[in-house]
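As structure tokens, the structure follows; a few thoughts come after it.
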Amino acid sequence: MGSALLLALGLLAQSLGLSWAVPEPKPSTLYPWRRASAPGRVRRAWVIPPISVSENHKRLPYPLVQIKSDKQQLGSVIYSIQGPGVDEEPRNVFSIDKFTGRVYLNATLDREKTDRFRLRAFALDLGGSTLEDPTDLEIVVVDQNDNRPAFLQDVFRGRILEGAIPGTFVTRAEATDADDPETDNAALRFSILEQGSPEFFSIDEHTGEIRTVQVGLDREVVAVYNLTLQVADMSGDGLTATASAIISIDDINDNAPEFTKDEFFMEAAEAVSGVDVGRLEVEDKDLPGSPNWVARFTILEGDPDGQFKIYTDPKTNEGVLSVVKPLDYESREQYELRVSVQNEAPLQAAAPRARRGQTRVSVWVQDTNEAPVFPENPLRTSIAEGAPPGTSVATFSARDPDTEQLQRISYSKDYDPEDWLQVDGATGRIQTQRVLSPASPFLKDGWYRAIILALDNAIPPSTATGTLSIEILEVNDHAPALALPPSGSLCSEPDQGPGLLLGATDEDLPPHGAPFHFQLNPRVPDLGRNWSVSQINVSHARLRLRHQVSEGLHRLSLLLQDSGEPPQQREQTLNVTVCRCGSDGTCLPGAAALRGGGVGVSLGALVIVLASTVVLLVLILLAALRTRFRGHSRGKSLLHGLQEDLRDNILNYDEQGGGEEDQDAYDINQLRHPVEPRATSRSLGRPPLRRDAPFSYVPQPHRVLPTSPSDIANFISDGLEAADSDPSVPPYDTALIYDYEGDGSVAGTLSSILSSLGDEDQDYDYLRDWGPRFARLADMYGHQ
């Protein structure tokens, strides 16, 4: 360059020991700033190496370096610096003397925040013109060991199986140091300060890995190990920090379960199941609740019928002996069981064998009162339909399992819905006590079910329940009959028409019903000569003519027989009308009339029809009379003045004397047959005012008249209620003002029965002839 900066690194602090030398020029890096001091020679500016300064410097301000320019004399150059630490954040860390070029440190440095600063230096003349090109000034912060190492966790956790071999990895401890990792200030070393005795674990000082160093880890001895860890910088000679490591020992099945006794004694009641009779205690040193601890029990011998089982109590790990099949004291009084115990998890091969891996269990059976037992339950038997009372059904006896107690058994009924059976209380013999109806609702598919009880005489007694199922055998007690109607018609020509189809029914069930056999009565020889019956199927036959017979009604005697054992036979009369037929095989119209008159309606049938007609007419008449009587009674209850009560020469009059202003009465026909109200000459159709109503009275709205006689009572009740609730009418308990009606009265005063216009000894004995309703009057006024 034309002119070079003469950088004088005036070491104000002798401790740094820095000396600056002008490097020899190198042609390969020559810049075109020349200064002709000699032919063929160029001078270059100083190359300034990084300036190092320690962090945490206490003496401030502290001189770092001095820069100078050789272009002008001292005092004619102004120096300045720019960059981070000067006019950029962090500000005011560095400053420069503008006349001397000395650079000062003004604040304490922290390498962990900023490890170097890059500044720009400027040289100007007094007029502010640039004398030299700007040059770079780099300041490097030298690290000090001012940060302790730190573990990433306060507590490190690891797990390892007991019995692990040496060198087994457990966990890894990790730590950091904020100092310069390129220096010993961040060179960390790990160690174990404390772990107890014996020492089963070691830590790699460089990586922090924790591993086992010897055998002998036993969870049953020590389940958890607590280690104190340390990390130090300066390769172990500097600052330190500590943390903890918790190592849990996982369980393996290295301990076999053992019984606490060589023999257990228990008692069990007979004839019960699903009950616990005792517990088998075991010990296991492995982790409670784990598969290495949970016990499983096996009955090796002594229970060939599988009457016992052993399950494990999950809380106590005890074996619970339970009875799954009822025991019988009379069959066996004692059981000797041999039981073994193992864990759910298999035992480790290196584990020692248990001394009490098996035990004996003695179970004594207690004798109890057992209920009687029916050898055959349910008991099925059969009896003929319609069996008479006293017919033996079965003997439903039970036996007592308690052979040593010599108990007596009694029998009774528990369920016999038809009360059909009778049970001998001592023997259990069952017989009928009446005839069972075939239509009983308790017969299901021909079976009748009853429940019998057997009771011993123990205290308290025991009861057994037995079911008796009785099949009611069908008996052929009904003969077949022709299906209705037992009549029909045939063409007079034998070859005409399809014939007459005959059907039969039977109230008996199979096999006492169909097939049915149809036969003309052999006792009437003429039937076989003129008529024939051919079987169609098991329940129907066809009747035909062999020869032409006279037209009209013919009565044929038929024999019907079923297939029961023994068979039942019925003789039945068949009414057959023979008529002339057309080409289609049906009776001609004239013949049909003849046939209709002789279908075979008997005199009894005609009487029934006529009687039914008469009964129907009588019922209709009674219904009409009852309707009229009810209407008349209803009218009497509402309008007492309309009754016409005639008692010989005594008449009932409604005359109440003269002087009444209101001469208009209700028309009952209008009540029974209301019509629409017609408009009158009164304005707005208002009704006439009552004479006893105040002048401010406002008539009530028109009420709708009843539409049927049955509503008359409601109509009158509504009118009474309207009058009672009328606020414009004075109340009944106040004095009313009536218009003057004049003196005297056309009608005289009412006289008593004793006051007579004739002689005083009038005879009232005729009142006795009027019936019980006048008996009281006859006693009062008749001759004594």
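Count begins at 1; order follows the chain as displayed.
For all residues, glycine too, the Cβ spot is worked out from N, Cα and C.
Taken from Swiss-Prot, the feature domain 'Cadherin 4' applies to 375-480, supported by sequence analysis.
Residues or ranges marked as signal peptide by Swiss-Prot: 1-21.
Here Swiss-Prot flags 60-605 as topological domain 'Extracellular', drawing on sequence analysis. In this model, the topological domain 'Extracellular' (60-605) carries an average pLDDT of 87.
Marked as topological domain 'Cytoplasmic' by Swiss-Prot: 626-784.
If you look up Swiss-Prot, you'll see 606-625 marked as transmembrane segment. If you look at the transmembrane segment (606-625), there are no same-chain residues 6 or more away from its ends with a CB under 8 A from one of its CBs.
Secondary structure of the domain 'Cadherin 4' (375-480) per DSSP (helix as H, G, I; strand as E, B; remaining residues coil): 0 helix, 47 strand, 59 coil.
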